[in-house]
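S.K.: Pasting a structure below so you can have a look.
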Amino acid sequence: MAQIPGEVDNMEGLPASNNNNLATRWESPDRGWEREQPAASTAAASLFECSRIKALADEREAVQKKTFTKWVNSHLARVGCHIGDLYVDLRDGFVLTRLLEVLSGEQLPRPTRGRMRIHSLENVDKALQFLKEQRVHLENVGSHDIVDGNHRLTLGLVWTIILRFQIQVIKIETEDNRETRSAKDALLLWCQMKTAGNYPEVNIQNFTTSWRDGLAFNALIHRHRPDLVDFSKLTKSNANYNLQRAFRTAEQHLGLARLLDPEDVNMEAPDEKSIITYVVSFYHYFSKMKALAVEGKRIGKVLDQVLEVGKIIERYEELAAELLAWIHRTVGLISNQKFANSLSGVQQQLQAFTAYCTLEKPVKFQEKGNLEVLLFSIQSKLRACNRRLFVPREGCGIWDIDKAWGELEKAEHEREKLELLAQRFDHKVAMRESWLNENQRLVSQVQGVGCPAVEAAMKKHEAIEADIAAYEERVQGVAELAQALAAEGYYDIRRVAAQRDSVLRQWALLTGLVGARRTRLEQNLALQKVFQEMVYMVDWMEEMQVPGGGRGCGWSARREGRMQTLKALTDSWSWRGKGRDRRR
């Protein structure tokens, strides 16, 4: 963007030529040709040229006054003010102060009340001082010039204000983005850029004759608002119609004050400052329209993002509500469902539960993950727009879903726990029955003959008793598992009860066998000791009967016979005790 400098090239001149300028232009550089003409003819030609220049100057001044007056009124209308005569209504400084406040947007010093000349000079001086503070160059313009109604300097002051607040702010993009242009050249370049290519009959080279046919004004309007102008129906030869159409369209549809009339432009030498003043109003309007369009696009983009986020939020809340409803419904089904009374019914229930675990639940778990991603996307978009983060309505947050999902898994665990409990019961029953059978076999073994053998059997039996006593708690655990299954309403509780009773019967049988075996062992051990004493007694009696107290050769045979007899008696006693155990 190239910033336009504060001064405008060759545009600071005053609107009308003074007498000195007229005198300068009266004197032609070619004095030799004039000397060759007759004195009377030369005087007549010079007088004609002087009057023609004076007429053109007056004509331009009149156009400028009309244009500047309309321009001032177009801005004063925003504060409810209006002037009729530019030269008269600016003299007291009140209107000038209001105009500068409207254009700058700043508050100027309060005007001094009063109708005296000194009051007007003070007010105008305040306005001029404000312009100087805005770095506006005022050459040969004093407060007394404006208060006295000096036409040339009043127009010059208004033109300076137009330059400062309307033209100096123009910024034009160039290809190299380095070129600095004057305000006039920047505005001319903008007009050329807007009318290039699509309008072959429009060739804007200046701010005078290039606008006479009215096509340039219509091209500017058509370039930005093609709906307002049918440019194909305009012809170069119909200048007044073109100008009238452009000015009326700009006033009615664009709201631009009609600063010019067709006759002000369709003339031999249109006033450059007046045309610039009018064209710059087009520039500001269309620049503002472009800025509004850009802002509208930005707002539209923001609105699109808001709508997009709104749709995502609606989608999130919908999916969250559906998932939560499914979780609550499933928890109710799992928690309240009782096992069927038949094996086929239980198998169907187990198949349904398996299908839920392998097919239905994984899909819902994926939906739960998608909801988390969706919520993250919503929050990211809101952060990008610098908007407040989304807070799901009560009961639909991710934390609520996590909590409900935990309740679902808890219900599943409770459902699975019953089956696991039954499996654990069956496993323990099998282990207990195997152990009971093995220990019953050990307890039923026949003890050895003789006192040493019986003593060894007694020690082994004591170890068996200690093992069995320690095992009682495990057997009781089977009964507790069966009781828990019964409390949960397990469908096969009859089988469970039968297995429990079987284990308890075998346990009772084992404990009875252990007690009986101990009794037999104790009795057998006592009997063995009695027989041992009897043998010792018999041997002692026999020794006493033999002369000399010695033992003969038959002593050993006799003792062996007694021992065989003792063994036979012991075996007979053992089998009788075993028979009693069987009857028990």
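Heads up, the Cβ atoms here are built off N, Cα and C, so glycines get one too.
Okay, so TrEMBL annotates it like this:
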- 454-488: coiled coil (COILED)
- 27-37: compositional bias 'Basic and acidic residues' (COMPBIAS)
- 62-166: domain 'Calponin-homology (CH)' (DOMAIN)
- 181-287: domain 'Calponin-homology (CH)' (DOMAIN)
- 1-38: region 'Disordered' (REGION)
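Buried or exposed, and what's around them? Tell me for each listed feature.
M.R.: Confidence in the coiled coil (454-488), given as mean pLDDT, stands at 79.
Break the domain 'Calponin-homology (CH)' (62-166) down by DSSP state and the numbers are 71 helix, 0 strand, 34 coil.
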S.K.: Counting only residues 6+ away from its ends, which parts of the chain sit with a Cβ under 8 Å from the coiled coil (454-488)?
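M.R.: Residues 418, 421-422, 424-425, 428-429, 432, 435, 439, 442-443, 447-448, 496-497, 499-500, 503-504, 507, 510-511, 514, 517-518, 521-522, 524-525, 528.
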